[in-house]
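Below is one structure, written out as structure tokens, with a few remarks after it.
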Amino acid sequence: MIRTHEAGTLRPADAGSRVVLAGWVARRRDLGGVVFLDLRDASGIVQVVAREGVAGQVASRVRAEFCLRVAGEVRLRPAGNENPELETGDVEVVADEIEVLSEAAPLPFPVTGPVEVNEETRLKYRYLDLRRPGPARALRLRSEMNRLAREVMARHRFVEVETPYLTRSTPEGARDFLVPARLQPGHWYALPQSPQLFKQLLMVAGLERYYQLARCFRDEDFRADRQPEFTQLDIEMSFVTEDDVMALAEDVIATLWSQLAGVELALPLPRLTYAEAMRRFGSDKPDLRFGQEIVDLTKFFAGTSLRIFQAPYVGAVVMPGGAGQSRSELDEWTTFARSRGAKGLAYVLVGAELTGPIAKNLSDAERAGLPAATGARPGDAIFFAAGEQRASQELLGAVRLEIARRCRLTDPASGAPAWSLCWIVDPPLFEPDGAGGWTSVHHPFTAPKPEWMDRFADKPGEALAAAYDIVANGNEIGGGSIRIHRADVQQRVFEVLGISEAEANAKFGFLLEAFRYGPPPHGGIAFGWDRIAALLAGVESIRDVIAFPKTASGTDPLTGAPTPITPEQRKEAGIDADPYAAAGRPPGRQSA
């Protein structure tokens, strides 16, 4: 073996022992006649002391991130020289042998201390970035997440199954990544956006309880904090209700939070209906760590003469202390609203009397009653949105979050809880597609709520889904549903969606065929594993918990991907081949 001990494991009990270590030079200090090295490996750091002699000569020429093998004796540090910041701070290794295993070129950025370099450079040298404590810690936390999830699944007698990465293209809302099939020129595989159809087939197969840590791929425009390839903990169960799936999901989440965040979640988690979440928070993934709930003022302004409030819906949200904002700060709110598609953002400032651009246009009764109607106090600001209900609620939801950011309402120092998790249940089954028809809010195999099972086609806009999302601190971390297993219900859903029988067979024929053979009632959930890891690691971006992530533009600075292919590769892959000419048949349904 190259080493006998790991650097970060040495303790006072090891004093007097001879050890052989291997690792990297995190820090070097030459005090003339004696050289101190901080030697780092995956377990931690220990101080190495090299005095005159061969070891000292070698130590005097090493530099940051040289890879070394060190042999010597563990000794207690002299009294007063202990380092409480290191777990090994009570001991040091007095080296009598130092071997340079490999040298390191000058670093593009330091791997100790703060890093002032752009993200693209960090990703280009990701292998160096991962030597830093934070990124390395995040990957180890993620590994623990995987272990704990598997323990929970095993306890509930689930079977871990790997589903295909090379499959056929099926519509799931985003574009597929396509892979040419060389042996069938002109034909293409698709990388799966999720294992949705395969896990339902496993339920038809009688497996009953399935899970996997599934890699998923979506070729979508990059926005917010997305990656083209991501991981989810994917779960499917037979003979279950919504409550059954949610109880299992809570076991997974409670285990993760207990073991990795030291937080015991109170179960069962609170549940809000989709309608309630939108009404109170303007979001289907509300952050419940703070208040500032939306106030519905539609009835309050029912007889108003103010034209902007003569709308189907009027709502407001209060900013504590907002009346003290400068004019430029108040103008920023208009810019904020316009960036979200609104014309602006009306407001009043609460003091001895109401002030602001619209205050003078309110009636005496409206001015007198508005503070009580909204719960605003002197010194607060009240922001309004009016118009179509959902759009107005979403704008106020965004304003609410911005208020929290500016007022630091989610800061534990302000009294906010560190964590707030909840379920959002009973979402719409369908939503308008913008062309006079309907589209599935989730996917076309989502079951209606039992009370809507026989009448969803009559009022698609009111029908509710047997679906559920789990939210943590305003982040959706998982979602699922009960699936349709009855052929007649599935056919009626397709009819609402405007999907003909021929189109359904072309897109989902293999699944519909399987459903002819006694499919069980089933449902499931998928957790956004990257997002959960980011939350538990306390980092802002999921890129910080992925070993080799892509940039916001979808590129990989480390490998240079994506890259062009050669003409020879293009020809060999059959990218330009006509599949119908090759098969000797006219255009139509392609073989699966």
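Glycine is no exception: its Cβ is also placed from the backbone N, Cα and C atoms.
Just so it is clear, the model here is predicted, and its values are computed rather than measured.
Record check, Swiss-Prot: ATP site residues include Arg218, Asp219, Glu220, Gln227, Gly528, Trp529, Asp530, Arg531, and the candidate from Glu160, Glu162, Glu462, Glu476 also listed there is Glu476.
Looking at 196-199, 352-355, 444-447, 484-487, the range tied to region 'Aspartate' in Swiss-Prot is 196-199. Rounded to a whole value, the Cα-Cα separation of Arg218 (L-aspartate binding site) and Gly80 (site 'Important for tRNA non-discrimination') is 57 Å.
Through the fold, the region 'Aspartate' (196-199) approaches residues 163-164, 167, 170, 172, 210, 234, 236, 443, 445, 508, 510-511, 524 of its own chain, all at least 6 residues removed from its boundaries and within a Cβ separation under 8 Å. According to DSSP, Arg483 (L-aspartate binding site) sits within a strand segment. For Gly80 (site 'Important for tRNA non-discrimination'), the nearest of the binding-site residues by C-alpha distance turns out to be Trp529; the candidates were Glu476, Arg483, Trp529.
When the binding-site residues Glu220, Glu476 are compared by the number of other CB atoms within 10 angstroms of each CB, Glu220 has the fewest. Long-range neighbours of Arg531 (ATP binding site) (same chain, six or more residues apart, CB within less than 8 Å of its CB): Asn475, Glu476, Ile477, Ile542. Residue pair Arg483 (L-aspartate binding site) / Glu220 (ATP binding site) shows a Cα separation of 25 Å. Residue counts for the region 'Aspartate' (196-199) under DSSP, split into helix (H, G, I), strand (E, B) and coil, are 4 helix, 0 strand, 0 coil.
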